[in-house]
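Enquirer: Okay, so Swiss-Prot annotates it like this:
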- Arg26, Gln27, Ala28, Gly29, Arg30, Asp76, Tyr153, Ser208, His323: substrate binding site (BINDING)
- Asp76: site 'Transition state stabilizer' (SITE)
Amino acid sequence: MNETTPLLLRAARGENVERPPVWMMRQAGRYMKVYRDLRDNHPSFRERSENPDLSYEISMQPFKAFQPDGVILFSDILTPLPGMGINFDIVESKGPLINDPIRSLKQVKDLKPLQPEESMSFVGEVLGRLRESVGNKAAVLGFVGAPWTLAAYVVEGKSSKNYAVIKAMAFQEPELLHQLLNHFAESIANYLSYQIQSGAQVVQMFDSWAGQLSPQDYDEFAAPYQQKVVNLVKEKHPDTPMILYISGSAGVIERMGQTGVDIVSLDWTVDMADGLKRLPQAVGVQGNVDPGLLFGTPDAIRSRIVDVVRKAKGRKHILNLGHGILPGTPEENARVFFEAGKNVNELIKVSS
């Protein structure tokens with residue numbers, strides 16, 4: 001057992017590990033009372049995610065409470081946008097709002113290349129502090145939004161139910177959309193490299209809205225740009241594991257496994273055993289407990305974790321939810337999730 005390298009990093013690299021590492025998407029956030037108390041004093045989401053002291057404190061809250069195997073930067077997938085010349089705000093309960101949606105060739109051509117060390121030095125500072133604080137007790141995770149999902153936000157101007165505006169662009173002016181996606185791919189790759197240089201040991205790309213695409217449109221508008229990000233990052237950081245997450249990905253799991261990422265994060269609508277059959281042996285999995293299960297009983301949570309871990313046995317696996325933890329989740333149930341993940345070997349013995 002290698003005590004000097006965090007468990008999650010060893011697992012993500014495909015090394016033999018004593019148990020699957022466990023962390024949780026959105027593990028820092030509204031379900032935690034300490035977060036809500038801090039939010040009362042700092043109501044602006046952008047302040048909480050862009051002030052290095054606040055971002056660091058929030059990132060550390062779940063680590064102090066539950067000691068997960070991964071500590072993820074508290075930030076937002078839209079945080080790099082101002083560095084490219086796109087202003088946005090995040091309104092509580094409404095989500096992100098883009099002040100001037102991108103819908104013309106001139107707007108795309110006017111976008112600036114992202115220079116994260118200048119426009120986002122706070123991210124580098126937080127990642128460095130996290131590495132210092134957690135040492136080898138946990139891996140530090142960075143993350144970004146994938147090009148399609150960023151484009152969906154900046155073209156629509158806000159969250160959308162049917163993505164009519166960006167789909168109209170995709171099917172009326174595909175070249176315009178491809179230029180925007182290409183700009184985002186290059187900028188996001190640059191941003192990920194900056195996160196890795198600053199201390200991130202594993203990185204995750206969220207293509208949250210790619211599940212809204214048909215498989216053939218995923219092949220045109222999402223996958224090539226996911227691949228471009230992966231290729232550009234791997235050129236500089238070949239040993240940094242990369243994870244890809246898509247919400248509603250059941251129709252494109254095989255395609256996700258062909259993007260070059262090391263790990264595919266499955267949502268909870270796919271049975272773990274089925275998901276693994278659809279991925280190459282070399283590609284690992286993350287997930288995929290239903291976040292709604294954390295409103296259930298402790299026994300239900302433990303039982304599902306045993307089921308997921310059993311099905312993933314023999315493959316590279318990081319235990320996680322199939323989506324971010326939901327607001328209103330009892331904090332005690334988050335604790336049950338983490339403790340069950342850490343004690344899963346004993347739970348499997350008892351249940352067999």
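For all residues, glycine too, the Cβ spot is worked out from N, Cα and C.
Bear in mind that the values here come from a model prediction, so they are computed numbers and not experimental data.
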Enquirer: For Tyr153 (substrate binding site), what residues in its own chain, 6 or more apart in sequence, show a Cβ-Cβ distance under 8 Å?
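Expert: Those within reach of Tyr153 (substrate binding site), by Cβ under 8 Å and sequence separation of 6 or more, are Leu78, Phe88, Pro96, Ile98, Gly145, Ser159.
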Enquirer: Using a 10 Å cut-off on Cβ-Cβ distances across all protein chains shown, tell me which of the binding-site residues (Arg26, Arg30, His323) has the largest neighbour count.
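Expert: By the 10 Å Cβ neighbour count, His323 comes out on top.
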Enquirer: Return the residues near Asp76 (site 'Transition state stabilizer') by Cβ distance under 8 Å, restricted to its own chain and a separation of at least 6 in sequence.
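Expert: Result: Phe45, Ser49, Ile90, Pro96.
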Enquirer: Where does Arg30 (substrate binding site) sit in the DSSP three-state scheme?
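Expert: The three-state answer is coil.
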Enquirer: If you skip the near sequence neighbours and keep only those at least six away, which residues in the chain come within under 8 angstroms of Ala28 (substrate binding site), Cβ to Cβ?
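Expert: Result: Tyr35, Ile58, Ser59, Gln61, Pro62, Ile72, Phe74.
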